[in-house]
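Participant: Let me give you the structure first, and then I'll get to my questions.
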Amino acid sequence: MADEALAGLDEGALRKLLEVTADLAERRRIRSAIRELQRQELEREEEALASKRFRAERQDNKENWLHSQQREAEQQAALARLAGRLESMNDVEELTTLLRSAGEYEERKLIRAAIRRVRAQEIKAATLAGRLCSRLPSSGPREDSRRQAAHTLDPGKVPEPEQQEQQTEVLEPTPTPEDTSQDVTTVTLLLRAPPGGRPSSPASPHNSPTSASPEPLLEPAGAQCPAVEAPVSSEPLPHPSEAPSPEPPMSPVPSSSRGRVISKPLPGPTEPSDTLDSIRGFSNTKRADPSETKSCQRSLSVLSPRQPTPNREPTSLAGPSQFRRVGSVRDRVQKFTSDSPVVARLQDGPPRTALASPTPTRLPGPSLISTTPASSSSSNSSSPSPSDTSSHKKQRELAHSLAELQSCPQEEGPGGRGLALRSLENRAGGPKPCSEEPSTPPPVAVGTGEPGGSMKTTFTIEIKDGRGQASTGRVLLPTGNQRAELTLGLRAPPTLLSTSSGGKNTITHISNPGTVTRLGSVTHVTTFSHASPGNRGGCNFKMEPDPAEPPSTTVEAANGAEQARVDKGPEGRSPLSAEELTAIEDEGVLDKMLDQTTNFEERKLIRAALRELRQRKRDQRDKERERRLREARARPGESRSNVATETTTRHSQRAADGSTVGTVTKTERLVHSNDGTQTARTTTVESSFMRRLENGSSSSSTTTTTVQTKSFSSSSSSSSSKKMGSIFDREDQTSSRPGSLAALERRQAEKKKELMKAQSLPKTSASQARKAMIEKLEKEGSAGGPGTPRTAVQRSTSFGVPNANSIKQMLLDWCRAKTRGYEHVDIQNFSSSWSDGMAFCALVHNFFPEAFDYGQLSPQNRRQNFEMAFSSAEMLVDCVPLVEVEDMMIMGKKPDPKCVFTYVQSLYNHLRRHELRLRGKNV
């Protein structure tokens, strides 16, 4: 109970209670209650600050609500565009510069989230690189086998240092379960020998470099299609670190040595290799989560050029082509893709080239791939087609772009990236045009093999999502089956390149550059058919698009917190237009449309139409009013031809002794307009009393005259009537009329005379005489003449009852008259005119000038003014303050009119009574 009692007190009361309390436990409870009150006050202030932050835009500013909504939509669109830009930016320095230049809080929040994302990717990539390096000693058997393969393929080569031999190989460890979360895509291009050639030995499981890729699933192709001959040279390739050193060119490897190496038997085509089994096993057990493949959907601009290059004349390949010892990726790709020097001499060899089997290859990811085998080309030609030349040129452009990636300097740090690759990655986020027309073949690496080169080559492109991976090209030379593998650490969406035995190349793009592919979307295959050297025909390019879906835009914030999709499908109904809304003349129809419409733009149009309609109606009413006024002014004769009726009644009464004579004169003027719409009635009653006093030889007479005027006007066009009367003696009643000063003086003189007469005569006799004269006048008016004077007399008797508005106005007039001439006083109402207390002080000072010095008062000191006026009125005229000083201070600039009117009315009664007492004493 004590705690509840303390909870009901405010902080001041608690502190006073703390001062007078001696018990320690009680003082502790009081302090706890004070702290709780302070905490609640802080919470309320924080809530008030939080609610005021956007109040001007969203809540209080009702007039600019549409503008604030539009501004908010623009801000959301700008944030969405910034999120798209940040998704394609992967440089921490560039993001930091953008963060320093950003001024908005929401933009800075998005940029910080993007910086955290990039740093997390770099840390993840560095961790993976550390795991790979920790497994370095386990690759000893591979090193020995690959060194043997290098010496076998190039017997005349000088042995290189041990360090370079370790750099030449690529460590492909078995992936751990935690490694499978990274987006890694390996695209394998497999070249197999034709049926007539001698097969090579199968690859051992630990010699297969593709076993480290858990995602692609390659089916054995030997049972489904005839194998083809490899188009590449079997010479070993040096490491990229040897690129800057100029060394003499090396002669091509003789075909005899090549045949000597490849003379190992190969199992039947229906037997799958151990490598394919290992790949299948990893892909079946360790599938990547489809939700984690979004980051792998960025495009590689090197593999999808913007515009097709013009065809070039075929280059003569008759001369001996010598490979230099250069470590660039361009030379390595040319070794795999360019024609061998023996091609020109052996045109009659078996059919050349293939890059992979036509069997469908499944790639996990957000897209579903369907591969359609193309029909064999039936056209034969002895000369190369322009498509061949264009394809070779695209191969050279691809190699040149990859060489630029390798030749660029690396960034600092363990996970350095090439500068060119970084620019490509930063540009990959934006939309790029991807040509899918039949006239623009994709850049597929197509080459022709050598006769007798019965080796098979695997061209592998690993596309990893790790940021810290070094983008270096490496050549793997396994021992068992002489498979050459080129791995490029490039970031790109998954791309499948395959070629069947009949010379058909197939390229499949899983996602277009710069777009976000939704889960479950299907991308059909783009088939590019290329004939073999023995069967050189035209170029077929076929694209099978998806059925059209309603376009949708996916916006993903940089921090990955929220994702909004805006469907841009065609609307079911046509949008409203401003012309249709302008044609509607009914406000009710527009109001119903506004209630039923949910689209923001349409609601804005409907509101604009409502405003225009209301403005038109207002203009129409104003024009009609002006027209009626002009018509009234155009008929001045009619306005003067009003019918006026005036009735005058005079009644005199004389006492029996002749000492008192009373006269009552009543004049009634009734004016009717010509059309009968307006009526004005004026009644004037003049009472005159004369008394003669005779004292011996001298006689004197006193005359008192009272004039009372009542006016009443009515109009049949409106139901309201205007009544004019007075129950107060107002000093400024005739101040606005012409000659107001003379009339005011005359009236004041009459009032003084009447007051003196009333005080000198017995009150009973005067009141009785007045009542008797009025009764006689009414009787005479009702007895003679038509009924109009009778009605006028009845109206005049009931006219003296005022309404509330007239009472307030007359009280304001009395206060204004009493405070005329006082500084800082302007009485116009019962609210703001009395807010500073100067009007109260002026009203009291007018009756009691000696009570206080009005000149010392100031409107700024409101409390002193209220205390001075209220205390003086209570002390001098016994007027109890019906309103407190604290209430007036709390109400501020606009106090309650009812409170002020009640107190002013009480003040009027007391001051008026005091004034009458003063007049009685003076008389």
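Glycine is no exception: its Cβ is also placed from the backbone N, Cα and C atoms.
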Participant: To which residue among Ser641, Ser652, Ser782 does Swiss-Prot attach the annotation phosphoserine?
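Facilitator: The phosphoserine feature in Swiss-Prot corresponds to Ser641.
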Participant: Labelled coiled coil by Swiss-Prot, one stretch among 405-432, 601-628. Can you tell me which?
Facilitator: 601-628
Participant: Choose the correct range: of 468-504, 542-578, which one does Swiss-Prot annotate as region 'Disordered'? Give that range.
Facilitator: 542-578
Participant: Please count the residues of the compositional bias 'Basic and acidic residues' (615-638) that DSSP assigns to helix (H, G, I), strand (E, B) and coil.
Facilitator: 22 helix, 0 strand, 2 coil
